[in-house]
Amino acid sequence: MKKVAVLGAGSWGSVLANLLVENGHQVMLWSRNQAQVDQLNQEHKNPHYMKDFTYNEGLVATSDMQAAVSGAAVILMVIPTKGVRQVAGQLAELLNGVTPAPLLVHATKGLEQNTYKRVSEMLAEEIPAASRRGIVVLSGPSHAEDVAIKDVTAVTAACGDLACAKEIQELFSNHYFRVYTNDDVIGAEFGAALKNIIALGSGALSGLGYHDNARAALITRGLAEIRRLGVAFGADPMTFIGLSGVGDLVVTATSKNSRNWRAGYQLGQGQKLADVVENMGMVIEGVATTKAAYELAQKRHVQMPITAALYRVLYEDEDIKSAIDGLMEREVTSEKE
């Protein structure tokens, strides 16, 4: 049994914490929200995120980060991208001088605005190497709702040090949650972040009344864009046909459980972005990631026409139907381009 600290009590963080408790580990789940902490501890409920799910009574929540991470062998961060640096900064102070250093894992899917950095890069900058044994990315097709009811799920643990990836594989794996290892952190993180862009587009197509052919085309050509950008930064092309690539893309771009798909659907129905964000009440990572990926592609001269079209819809108020027409009216080219 290991002590594991889980930082972030949203849908995914709380369900992963619950899984680890059921795997026999001592888990402390950290949240800033004391009311949420009290409800998790007293009623074993997290209604804002998983209203119908009852958590294992062995799961302990706290608003005290020091209590959560003290003595933890593994620290799992499941924080929205925009909050990663702040939480990592707090964590760095708490880990200063701690031995043995814990293994860090993150399950956040996004790119930092303005710097365009991946989450592992932010963590490496904020938390000194002496305060951590490694940084592992946990990613793949894994809706929290499915894991909560113990549907069969498979994900990837990616780390340049495969021994660290294998440690996380053993920590999380059970009869319904299977973890594979990979050493391609860049590919895993780009796949995890960029699929949210395509999920927005897929939802928008459904909202506009398009059917299976259109969604299949979007997902396939969207994967080509994800691969192009990832490879430009050193990712292994094979990663994008794995769980953290096409696997995560398919589940996020086809399921109504995906908040990015739902947000795109509302946009396709004619709602304004500000209203969609307010209605959702949760972070829609794909909106910010679209901007970051578009700007990154411009800087690296990577062709990402679907991403560019979504950028214009989200940030320049272009009509969605016009954006789709524009994509279809581009000069025809080879599928390999």
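Even glycines carry a Cβ here, placed using N, Cα and C.
Some features that Swiss-Prot has for this protein:
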ACT_SITE  K195  active site, proton acceptor
BINDING   S11, W12, R32, K109, A144, R259, V283, E285  NADPH binding site
BINDING   K109, G140, S142, K195, D248, S258, R259, N260  sn-glycerol 3-phosphate binding site
Do you know offhand how many angstrom separate K109 (NADPH binding site) and S142 (sn-glycerol 3-phosphate binding site) by C-alpha?
12
Long-range neighbours only, meaning 6 or more apart in sequence with Cβ under 8 Å: which ones does G140 (sn-glycerol 3-phosphate binding site) have?
T153, A154, V155, T156, L243, S244, G247, D248
Rounded Cα separation (Å) that holds between E285 (NADPH binding site) and S258 (sn-glycerol 3-phosphate binding site):
11
Measuring CA to CA, name the entry from the recorded positions S142, K195, S258, N260 that ends up nearest V283 (NADPH binding site).
N260
Report the nearest neighbour of A144 (NADPH binding site) in space among the recorded positions K195, S258, N260, comparing Cα positions.
S258
How many Å lie between the Cα of S11 (NADPH binding site) and the Cα of K195 (active site, proton acceptor)?
18
10 Å Cβ neighbour count around R259 (NADPH binding site)?
22
Between R32, K109, K195, which of the recorded positions has its C-beta surrounded by the fewest other C-beta atoms within 10 Å?
R32
